[in-house]
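Some features that TrEMBL has for this protein:
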TRANSMEM  A:7-28  transmembrane segment
TRANSMEM  A:40-59  transmembrane segment
TRANSMEM  A:71-92  transmembrane segment
BINDING   A:Thr112, A:Thr113, A:Gly220, A:Thr315  K(+) binding site
TRANSMEM  A:134-154  transmembrane segment
TRANSMEM  A:186-207  transmembrane segment
TRANSMEM  A:238-259  transmembrane segment
TRANSMEM  A:271-291  transmembrane segment
TRANSMEM  A:327-353  transmembrane segment
TRANSMEM  A:389-412  transmembrane segment
TRANSMEM  A:418-443  transmembrane segment
TRANSMEM  A:455-480  transmembrane segment
There are 2 protein chains.
Amino acid sequence: MDDLRPVGYVIGFLVAALGLTMLIPMGVGLFADNGEWEVFFEAGVITFVAGGAIALACSNGVSDRLSIQQIFLLTTVIWIALPLFGGLPFMLGATEASLTDAFFEAMSGVTTTGATVFIGLDDLPPGILLWRSMLQWFGGVGIIVVAMVFLPELRVGGMQVFRSEAFDTDGKVLPRAAQIANRISSIYVVLTLMCYLSYILVGMPAFDALNHALTTISTGGFSTHDASFGVYQGPAEYVAAVYMILASLPFVRYVQLLQGTAKPLWRDTQIHAYLAVIFTFVILFSIYRMVVNDDHLEHSLREGLFNVTSIISGTGYASVDYQLWGAFPAVAFFFIGLIGGCAGSTACSIKIFRYQLLIASVRAQIRNIHSPHGIFVPRYQGRAVSEDVLSSVMAFFSMFIVTLGVTAVLLAATGLDFVTAISGAVATLACIGPGLGEIIGPAGNYATINEPAKWILAIAMLVGRLEVMSVYALFTIRFWRG
Amino acid sequence: MDDLRPVGYVIGFLVAALGLTMLIPMGVGLFADNGEWEVFFEAGVITFVAGGAIALACSNGVSDRLSIQQIFLLTTVIWIALPLFGGLPFMLGATEASLTDAFFEAMSGVTTTGATVFIGLDDLPPGILLWRSMLQWFGGVGIIVVAMVFLPELRVGGMQVFRSEAFDTDGKVLPRAAQIANRISSIYVVLTLMCYLSYILVGMPAFDALNHALTTISTGGFSTHDASFGVYQGPAEYVAAVYMILASLPFVRYVQLLQGTAKPLWRDTQIHAYLAVIFTFVILFSIYRMVVNDDHLEHSLREGLFNVTSIISGTGYASVDYQLWGAFPAVAFFFIGLIGGCAGSTACSIKIFRYQLLIASVRAQIRNIHSPHGIFVPRYQGRAVSEDVLSSVMAFFSMFIVTLGVTAVLLAATGLDFVTAISGAVATLACIGPGLGEIIGPAGNYATINEPAKWILAIAMLVGRLEVMSVYALFTIRFWRG
Ligand SMILES: [K+]
Ligand SMILES: [K+]
């Protein structure tokens with residue numbers, strides 16, 4: 001095994017930084033004058049000191065250049081360390097959460113899943129609510145950086161198809177990550193501000209607008225209300241839909257846009273396919289609701305648009321319990337969640353580009369079957385796709401489905417019913433949030449789920465968020481021998 | 001497009017042969033003296049004459065050598081033509097079925113799915129019951145021949161990994177098919193006889209033993225009772241389990257065994273993995289049932305063994321409603337159905353060897369990630385697996401899952417609930433038979449399903465039985481241009 005210190009240093013640094021950010025909800029606590037500031041002060045000090053200690057202990061091994069093994073380890077350990085510390089305020093604060101609940105909620109935050117174990121959100125102190133939203137916001141920008149810098153290096157899940165766009169890092173991933181994080185962050189902040197102002201414009205109170213802006217741009221989906229977006233039916237749904245779509249497009253296109261080239265954005269077939277899928281389902285649901293539920297045009301279009309974009313982008317806001325629409329929407333939403341947004345965004349799940357690559361591969365194969373002596377290579381975005389990319393997409397797809405099955409069976413072993421087990425597995429592995437059924441459906445939450453199931457679900461969030469294979473690669477003898 | 005006559009000739013020949021086999025249930029009708037003989041006489045004449053006419057019309061284009069396009073077309077059209085004619089007795093006979101029901105039942109027969117739309121099986125005339133079992137038996141031997149001769153040629157679903165075992169046909173697939181059919185048929189007949197005698201030995205009445213032998217060896221699962229195998233709880237369950245396993249092993253191993261070489265049978269890692277999976281689930285369920293349901297050892301082992309082998313082999317007999325055991329078994333059975341038996345048998349679904357190839361591929365990829373300069377090739381049964389095989393396995397896997405999703409959404413659009421839609425899609429696409437829930441679960445049947453859903457399910461059976469890609473390849477412009 002390589003030197004663990006470079007990894008420890010980055011982790012320590014990020015944990016300490018997380019501790020510092022707790023000053024923000026602490027300030028909110030001071031302002032609200034509800035005594036809550038102490039919670040964040042305490043959690044902040046613990047987190048900062050622990051992070052600082054780890055970083056110091058590893059500071060004699062700092063290196064710009066990380067090996068593949070170190071990048072793997074770093075990616076997964078970040079997403080375990082941050083929720084461990086990020087959950088402290090939930091244990092110390094008004095939510096009085098158990099370790100399980102605190103870890104679940106914080107993991108649900110930094111993975112941008114948005115499944116919640118808390119009931120009575122409307123009555124929680126503002127500091128806690130803001131902290132939940134902040135965790136998602138950090139997790140969102142974090143995963144974009146990981147998807148743009150780390151995953152192409154690790155060649156997992158076919159993300160290397162985007163490597164040429166992210167340049168070669170020559171092993172110096174950390175400076176590259178800092179540089180990308182810088183550029184992405186400004187875009188991310190601007191989008192969040194725009195989203196915030198738009199929510200204000202349609203009449204959302206400032207605090208709710210802030211929280212929802214943070215969890216919209218991260219496609220996280222935590223809300224400040226038990227009824228989620230049900231509180232803001234109307235124009236706010238259109239605003240949310242627009243920003244959920246913007247947040248699930250490849251962020252590299254925004255970087256290019258700022259550099260003055262809009263062409264890559266317009267020409268991106270991943271974006272075309274994504275918008276086409278959204279359009280199709282919105283139209284289908286609108287027609288369905290008008291015909292079957294006797295709904296009127298604007299209402300059915302709005303609810304269709306909001307809920308389709310919410311699920312496909314993996315945000316997971318609910319404005320209504322779409323299970324009440326009938327069997328067709330419920331089953332369709334289950335599978336829409338398995339489509340997902342674009343790669344290089346905060347969206348999770350299988351993602352549009354993988355379906356495009358799968359289709360390209362199947363087409364090439366059918367050609368090869370019909371003309372056994374020709375050689376047809378699958379193409380994506382006008383370029384030939386290498387075998388390497390194709391096999392890792394296929395590996396991702398199959399391991400994702402197998403993981404889904406194993407997760408569902410394990411959940412059922414803890415006693416969850418069929419619908420809850422299978423939809424809970426999808427809702428967490430695809431980082432969506434709400435599942436189906438009475439318990440964890442759009443109108444429910446994860447509060448009453450048993451403890452072992454909560455741990456299984458939290459691990460599923462981690463595995464899904466990090467594109468499955470980057471976590472599994474750690475569980476090979478070869479990894480630790482390497 | 002190539003000449004259609006060679007395809008038409010084979011189809012016509014097989015349809016005419018099917019007509020002749022109706023003499024058997026006609027004989028049963030005469031013997032039972034219930035007037036039913038007329039049904040089979042009428043259906044037999046129609047079928048024989050129609051098949052003969054098609055064969056005659058195409059007889060001037062007969063050829064030993066079929067093109068890839070012709071093999072594709074032949075494979076799918078056989079599995080549409082046979083149920084069309086095989087369903088005639090259900091329309092004319094005591095079941096008085098509609099075209100939809102007759103086609104569904106016959107398709108469920110020849111695809112060895114075993115989903116039934118008939119209620120009151122116990123009171124149906126023996127001729128009809130025997131005809132259902134016969135359809136499954138023909139479908140079973142038919143698919144083995146297709147899997148051993150046609151599919152490797154078509155290079156679909158990775159079946160070409162077995163090509164070396166089936167020799168090169170040099171395009172002369174029909175003589176080769178006849179030769180394989182001959183050898184396989186004798187093994188198939190002997191296994192059926194052994195199964196029949198074993199059922200007799202454990203006390204099953206002769207007529208039931210015959211029917212169940214026909215539907216066990218074909219892993220079809222049609223029964224002569226509404227309660228399916230629930231009527232024969234006890235020793236008969238062990239007998240069924242043994243023969244369901246034997247029927248879902250690669251038949252080429254039996255051919256080799258008769259040639260005096262048992263080594264390929266013992267050394268086949270597909271068989272090892274298959275038995276290991278069965279063993280694991282039987283043990284898990286037994287422990288679960290003893291601990292949770294307070295069951296005793298023999299009973300829990302027997303029911304576990306019977307139901308696990310019934311679902312994993314895709315037979316689909318039910319001896320109990322395992323949904324009553326609890327959430328864990330219900331969800332586990334759902335995913336066990338997606339594992340399936342061995343390739344080259346009558347079993348359907350994704351199949352063990354594809355999971356083995358997927359795992360081999362993922363392992364090779366993880367090695368490649370860790371040692372970017374090494375080249376690691378996935379291996380199966382000790383041999384390196386070509387890219388060609390891997391991509392077609394991956395294509396199969398992804399298209400199977402996508403088809404599953406689309407089927408479930410379409411079923412839900414006809415009004416089926418979540419559990420019925422999603423488990424019905426699996427039950428038909430994997431040719432299992434029973435799904436989950438009140439309606440189509442182990443204690444239910446497909447009688448009350450709406451008409452459009454029945455057609456969707458029948459198509460899913462066809463697509464699943466023919467390894468997905470062989471049907472989809474027909475729907476490409478290239479196919480008809482070629
Ligand atoms: K989410
Ligand atoms: K079956």
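From the backbone N, Cα and C atoms, a Cβ is placed for every residue, glycine too.
Looking at A:Thr112, A:Thr113, A:Thr315, the binding-site residues in this record, the fewest other C-beta atoms within 10 angstroms of the C-beta turn up around A:Thr112. In terms of C-beta pairs under 8 Å, the stretch of A:134-154, A:186-207, A:238-259, A:327-353, A:389-412 lying closest in packing to the transmembrane segment (A:7-28) is A:134-154.
Among A:40-59, A:134-154, A:238-259, A:271-291, A:238-259 has the largest number of CB pairs under 8 A with the transmembrane segment (A:327-353). Each of A:40-59, A:186-207, A:238-259, A:271-291, A:418-443 was scored by its Cβ pairs under 8 Å to the transmembrane segment (A:71-92), and the highest score goes to A:40-59. In this chain, the transmembrane segment (A:40-59) does not touch the transmembrane segment (A:455-480); fewer than three CB pairs sit within less than 8 A of each other, excluding pairs fewer than 6 residues apart. Mapped onto three states, the DSSP output places A:Thr112 (K(+) binding site) in coil.
One way to see the shell of the K(+) site is to take the Cβ centroid of A:Thr112, A:Thr113, A:Gly220, A:Thr315; the remaining same-chain residues with a Cβ within 8 Å of it are A:Ser108, A:Thr111, A:Gly114, A:Gln136, A:Gly139, A:Gly140, A:Thr215, A:Ser218, A:Thr219, A:Gly221, A:Phe222, A:Gly314, A:Gly316, A:Thr346, A:Cys348, A:Cys431, A:Ile432, A:Gly433. Under 8 Å from some Cβ of the transmembrane segment (A:186-207) lie the Cβ atoms of residues 126, 129-130, 137, 140-141, 144, 213-214, 216-217, 224, 232, 234-236, 238-240, 242-243, 246-247, 251, 254-255, 258, all in the same chain and six or more residues away from its ends.
Counting every protein chain shown, the Cβ of A:Gly220 (K(+) binding site) has 33 other Cβ atoms within 10 Å. For the transmembrane segment (A:271-291), the residues of the chain that approach it from at least six positions outside its boundaries are 245, 248-250, 253, 265, 297, 300-301, 303-305, 307-309, 312, 325-326, 328-329, 332, 336, 339, 341-342, 352, 355-356, judged by C-beta separation under 8 angstroms. According to DSSP, A:Thr315 (K(+) binding site) sits in a coil region rather than a helix or strand.
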